[in-house]
Amino acid sequence: MMKERAMEAAGQFALPGPQSGLTFITPLLRFLVTLCLAMSLMLFMERLYMALVIVFVKLFGKKAEERYKWEAIGNDDVEAGSSAYPMVLVQIPMHNEKEVYKLSIAAACGLSWPSDRVIVQVLDDSTDPVVMDLIKRECERWADKGANIKYETREDRVGFKAGSLKKGMKHSYVKQCEYVAIFDADFQPESDFLVRTIPFLVHNSEIALVQARWTFVNADECLLTRMQEISLNYHFIVEQEAGSSTYAFFGFNGTAGVWRISALNDAGGWKGRTTVEDMDLAVRASLQGWKFVYVSDLKVKSELPSTYNAYCHQQHRWSCGPANLFRKTALEIATSNRVSFWEKLYLIYSFFFVRKIVAHIVTFTFYCLVLPATVLFPEVVVPKWGAVYLPAMVTILNAVTTPRSFHLVFFWVLFENVMSMLRTKATIMGLLEAGEVNEWVVTQKLGDALKDKLGDNVLETRPVKIASSFSNRLNLKAVNLWELVMGCYLFICGCYDFSHGRNHFFAFLFLQAIAFFIAGFGYIGTFFHKSKN
C-alpha cells in the first residue's frame, strides 16, 4: 500500500505523457537523437583520421624543410649582397590598437632582413584620432632609426580588414615586392621569421603560403585564456599540420603567414564578402592549384582575448564567416577543374562541413538540448556509447595537444558547451546569410594585461574579491539572457532526472547549468574596475 502511494505521489510530478497530446514529441526526440548520434560519429571519425595522420607524421614524416626544397637566402652569393634577397612587404593592419601597436611595429622593424629589401606597411584603420596620432608618431620614430616603414590610412572601413589589406597592395612601392608577410597588431614575430619562411617560396614555385604557429603570451592570465589555449593548440598542432601534410591545404589564419604576391593576385586578391577574408583567399588560391606549407616549429607570439565580451565577438566572426563562405564557395569547389576529386571531398566534407558546421551544431543540439530533454521522456534511450564514450574520446583527442592543462579538461568541456550556443547561432546565420552575418567587431587587445595599468583602470583577473565583483556584475549590461535561460532549462532537467530519472545525467546537467549561469552573469575572464587608490 505504501509503495502504491509513493508511486502515485511521484506520478503527480511527472511530465505529461502521450495521453496528454504530446505524442509527437517522442518520435521527434528519437529522430533528433539518431541525427545527433550520426553527426557525433562524423565528428569522431574526422578527429580520429586527423589523429592518425599526426601520429604517422610524427613517426615517419619529414619536416617541412625536408619535404620541400629549402636553402638559406644569400649564402651562395656573397658578392650580390642584399640584392640576393627578394623584396618583402610586411603588412600590419590596425584598428584603434592603443595597447599593442608598439609591440607589433617594433617586432616587424626588428626582422632580420636587409633594410633596403623590406618595407613595413602599417595600415591604420583607427577611428580614434588620438590613437592614430600615436601610431603615426611611432612609425616616424622607427623611420628616423632607418627602418623602411610606411604609415597608410584610408577614408572609410569598407571591407574591414580585407579592404585595408587590399588598399595597401595598391600603393606604387608594393609593385617591387615579391612576397607579403602579414601580422595582426598583437603579433610579435621573432627576428628570424622571414629568414625561415621566404626560402620555401623562393625555391618552390608551387607554394603560395607559408603559415607559422601561434603561441600565446597571456595563456596563464585566467581560466578563459587557458580554455582557449586548449582549443587553439589542437587547431595548430593537429588540424593545420594534417592539412599541410596531406593535401597541402589549410585555412590561412589571417596573420603570422607569408604570401607569394603573384599567387594572391592569381586567386583574385582580398575580398570582403565574408568575415573570414583569410580563409576565403586560401580556398580560392587552393582552387587555382597553389600549395600551402605549415611550419609547426616556427612560433609567433600573440595575445588571446581575455574578456568574455571580446571572446564572444571573435567566436561569432569565426563561426559565422566559415559557414557563410561554405555557402558561397561549395558549388565553386565542386565544379573546379584544377583540383582532384579527393581534394574537393576534403574541402567540402572535412574542412567545411564537419569542422565548421557539424562540430558546432552537434555540440549544442545534442549535449545542451536533446540529451537533457531525454530525461523528461524516459522512453527515448540514448546509447551509452553516444552519450559517454564517443564524446570522451573526442575530448581526449583534443586535450592531448595541451598536456599541461589536462587537469582542466572537464572545465573545458563545460565551457565549450556554453560557447556552442553562440557558435551554433552564428553558424546558422552564416548558412542562411541572415542577421549579423557580416558583423565585424575588432577583438579587444589589452597588451601586457597583468602588468600594465591603463590610466586609473586597474585590470583584475579571476579569482578576485568574489562577493564584491560578483555583485558588480549583476547589472543589465553584464547579463547574457540566453545563457541564463539555458541554465534554467538544464537545471530543471537535472532536478527531474534526480527525482524521477533513470539515466543519472543529473550531475552533468547541474554542472552544465552552473557553467551557463556563470556565463549568463558574465563572470568569465578579466575585467576593469576603478581603483580606489
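Note that Cβ sites are derived from N, Cα and C of the backbone, with glycine treated the same way.
Listed features, source TrEMBL:
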- 179-375: domain 'Glycosyltransferase 2-like' (DOMAIN)
- 31-60: transmembrane segment (TRANSMEM)
- 357-377: transmembrane segment (TRANSMEM)
- 389-415: transmembrane segment (TRANSMEM)
- 481-499: transmembrane segment (TRANSMEM)
- 505-528: transmembrane segment (TRANSMEM)
Contact set, same chain, for the transmembrane segment (357-377): CB under 8 Å, 6 or more residues outside the stretch = 15, 25-26, 29, 32-33, 36, 39-40, 42-43, 319, 323, 326, 387, 391, 416-417, 420-421, 423-424, 426-428, 431, 486, 489-490, 493-494, 496-497, 501, 503, 505-506, 509, 512
Request  = State the mean pLDDT for the domain 'Glycosyltransferase 2-like' (179-375).
outcome  = 96
Query = Taking contact to mean three or more C-beta pairs under 8 angstroms, with sequence separation of 6 or more, is the transmembrane segment (481-499) in contact with the transmembrane segment (505-528)?
reply = yes
